[in-house]
Amino acid sequence: MANYQTAHAQERRIQELDQTVESIFDVRKRMGKGAYGIVWKATDRRTKNTVALKKVFDAFRDETDAQRTYREVIFLRAFRCHPNIVRLVDIFKASNNLDFYLVFEFMESDLHNVIKRGNVLKDVHKRFVMYQLINAIKFIHSGNVIHRDLKPSNILIDSKCRLKVADFGLARTLSSRRIYDDLEQDGMLTDYVATRWYRAPEILVASRNYTKGIDMWGLGCILGEMIRQKPLFQGTSTVNQIEKIVTSLPNVTKLDIASIGPSFGSVLLSRNIQRDRRYSLDEMMKNCCDDGISLVKALLVLNPHNRLTAKEAIRHPYVSRFQYASAEMDLHMDVVPPLKDHVRYDVDQYRNSLYELIDRETSCSNRTVSNSTPSSNRDELPKPVRVTKQARTTSAKQPTTSPAERKKEPSSVEVTQSRKNIKLLGSAHKAQSKEINHMESAITQVSIASAPPAAAPPAPAATAPAVPRKSGDKSVPKCQHNNAAVQRELAAVAAAAAVARRKKSSWQSQAQSQGKFHTEAKAHVQTAIQTQKDNIKDSPPRMIQESQSLTEAKAPIPKNRYSNKMCQEKKYKKKHHSMSCITRDTFPSETEHRQQREERAYQRQMKRELQLKESYRRRIEAESEPLKETTEQESKTIKVIEQKVCEHTEKKADESLSKDQQKDSITFGTCVRERIHHLELEMEKCTEELVDFVELNADVLNYANVSTHLKKLQRSKESDEKDEDDRRALPEGIGGPGSQNYEIFRQEQEKERQRQVQEFLARDETNEYDNLDLDHAYRAKYYTAYKEIGKELNPAPDSGGRDSGSEHSPGRDNYTTYADYFLKYTTPQQNWNDLERANGLQREHDRIYGLFWLNDRRQEEKYRRKLAQNDQEELPVHHHKACRHRHHKPNHHAPYDHMRPTEDDIQEADSLPESN
């Protein structure tokens, strides 16, 4: 039951606020509670701003807590200019000298709660959060300070994704080697789970080699948690934490262990731990982008010297898109606390250093005190009792000094104390003014009662009443603060004089002691007034007048020479007051004169500006007209140039087209002419060769062989009827049948050639080159065929003649077609000369046709090779209908004889299909 009551009382004390803090801030709700403090959301009554009020309970309980509190205040003040570090607004001390109050700017949430909610942060938000975090750490590291406690709960964030780093209780400098460190003592403790998951390996193994890489490891853990939405290494103890880290990272080398430094925990890193691929960084962050995985791997490196620095990390592709020059903030000097960071001092030294810091800030900002309770964070007013006690102690230590010296020494101490109080006080409250008035009346009564009735000076004149103050006036003039300090000094001097009078020797009379007292009091008053002279002069004339009247009313008036001097001083003050009134009366005229001068100067300046603007406008109008004309001319010129360019382009296109057509026509005409000329030459050659062949083989081409061939190769009657006109016999007496048919052949061939030339020339004009028909140039079907010769002219197959079926017969199974080239014989008694002539013509025709066919095939092969080499399509101007020829059928009945023409060799042209 007792333990429960104690715990309940402790909890109630934690929840309570100091009276001074409660009077300044309106607490709205509690935001959170930690191991060292509690945070409220509050509103400042003075500025109406929403702030975060943090109470550090038992801040000076021991040296460790005192050093933690001191570090947090010092480093927050040093880094308060950075936008990504939480700003310390104000600090307050508690009345119990144990608790401590810190006032921060208000932030809506922290990163831990944002991650815990789920998919609140998108990829761009994570990148921006990481950029701000790296930017803040870079600024901290530029001051040679490390945070050492980076975790999501220490990173504040608002709805606009603005981030601020907080909680600098574990931060420290790297300027010198430390003697004591709180992390060395509890580095291996298992109850500090919240931060263990984000600690670097060198801290887990209790290494003394602290570097800035500690914070970079924490950044990697935070980024991994944002991407994975849960911590990367959730160790249940320090050993388990090290095992999880080693499992996820690559193999540990001796160089990695040496980089951490010798420690008892380095043995854990050197152990062979079985690695599971499921817990590697690649597997845990498989859903992340490549840039994010790359940054995490670069930060989570076992060797602290190989980790990315803050300056390198801010240029990483994952966050480089947010980098801009204006955000680059660095400290160009190290942050050095007033108390050395590597030495642990007493609790009182840390407390006194912080209290002095509060006093200096109070003096600089001139803040007002909300009430005069003892729990205020401002220094209390010195009580006269304490001053008297100090004076007694001082006089007891110096018994040989004179009474004047004994009174002078405590007064100097009080003057110094009063100066300090004047700097610390921002204003005085009504309760303080009442207390001062009561004290002054008590001092006056003591000074009057100290003298005997016989030697008492005449009663002083009635003091002037104090200037009343309105209850609604909240501002207190500065001169009243100074006057209050003077009155306190007078009270201290009077109290010290009273004590001295009670202890003085019996031989000194009361009149003498009273005179000395007044003389010394006058000197001390003059000294106090001189110390506050500058502050009084800085006040407005009305406040100076009020302070002077208040001083005259409250100052004690002696009745001897001192009173005469005081009267003279009053006259001087009245004169000074009249001069101030004159100055105050003439002040408005000078002000009005100055305002008039300023107004005239302003009017002149405005007039000059208007004139300048008008001149600029006229100049622009004058310059714009020629510019418009020039622009119009240029536009017209550009249009003309465009038209000419278009016409020139069209003309060039037409010329190129006509040139191509002309070139094609010239090429086609040249091709046709060359072809005709070539055919003529070949016909002449074939004629000569045919004649030579007939002369050489006259014995072979006898009448018997010809009759045999005519019988087998006689044409049908239908074809004879179609060519009846062409096969009409010449009149008797005009040449032989062979000469008649040859002359007809030559005439018809010449006509056909002329007709084809005309057709080619006509097609050359119409560009119709697609279907050229040159079949008639090679066919010879204009000779009349012989009629069937009687069977009696054919020898028996085995008679032994030329046409017999024996091996020695040269005309066996040779079915030649001479019928198309010779006349039909009605009687077998035809003239032998005519037959010989016909046979010669037939041989000549066969030779010419064979040469033509071979040459044509040769030309076609050359033409095809040329097309294949150029890899181009066959042009229409070169296209003509190819003549298809039958292949020679192999004869399996008789051996080949070169002197024996076959039907395929002699009459192949007759079997070709008619062209369309």
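The backbone N, Cα and C atoms fix where each Cβ goes, glycine too.
Remember, predicted model here, so these are calculated numbers, not experimental data.
As written in Swiss-Prot, here are the features:
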type	residues	note
ACT_SITE	Asp149	active site, proton acceptor
BINDING	Met31, Gly32, Lys33, Gly34, Ala35, Tyr36, Gly37, Ile38, Val39, Lys54	ATP binding site
COMPBIAS	364-376	compositional bias 'Polar residues'
COMPBIAS	390-403	compositional bias 'Polar residues'
COMPBIAS	590-608	compositional bias 'Basic and acidic residues'
COMPBIAS	715-730	compositional bias 'Basic and acidic residues'
COMPBIAS	800-811	compositional bias 'Basic and acidic residues'
COMPBIAS	883-892	compositional bias 'Basic residues'
COMPBIAS	894-903	compositional bias 'Basic and acidic residues'
DOMAIN	25-319	domain 'Protein kinase'
REGION	364-419	region 'Disordered'
REGION	452-477	region 'Disordered'
REGION	588-608	region 'Disordered'
REGION	711-742	region 'Disordered'
REGION	792-813	region 'Disordered'
REGION	883-916	region 'Disordered'
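Per DSSP, the compositional bias 'Basic and acidic residues' (590-608) is made up of 19 helix, 0 strand, 0 coil.
Following the DSSP three-state reduction, the secondary structure of Ala35 (ATP binding site) is coil. Confidence over the domain 'Protein kinase' (25-319), given as mean pLDDT on the 0 to 100 scale, stands at 83.
Taking the Cα of Asp149 (active site, proton acceptor) as the reference point, the closest of the binding-site residues Lys33, Ala35, Val39 is Ala35. The ATP site is defined by Met31, Gly32, Lys33, Gly34, Ala35, Tyr36, Gly37, Ile38, Val39, Lys54, and by the 8 Å test on Cβ atoms against their centroid, the other residues of the chain that qualify are Lys55. In this view, Ala35 (ATP binding site) is surrounded by 7 other Cβ atoms within 10 Å of its Cβ, with every protein chain counted. The number of other Cβ atoms within 10 Å of the Cβ belonging to Val39 (ATP binding site), over all protein chains shown, comes to 17. Sequence-distant contacts of Lys33 (ATP binding site), defined by Cβ-Cβ distance under 8 angstroms and a gap of at least six in the same chain, are Val39. Annotation for Met31 (ATP binding site): spatial neighbours Val39, Trp40, Lys41, Ala52, criterion Cβ-Cβ under 8 Å with sequence separation of six or more.
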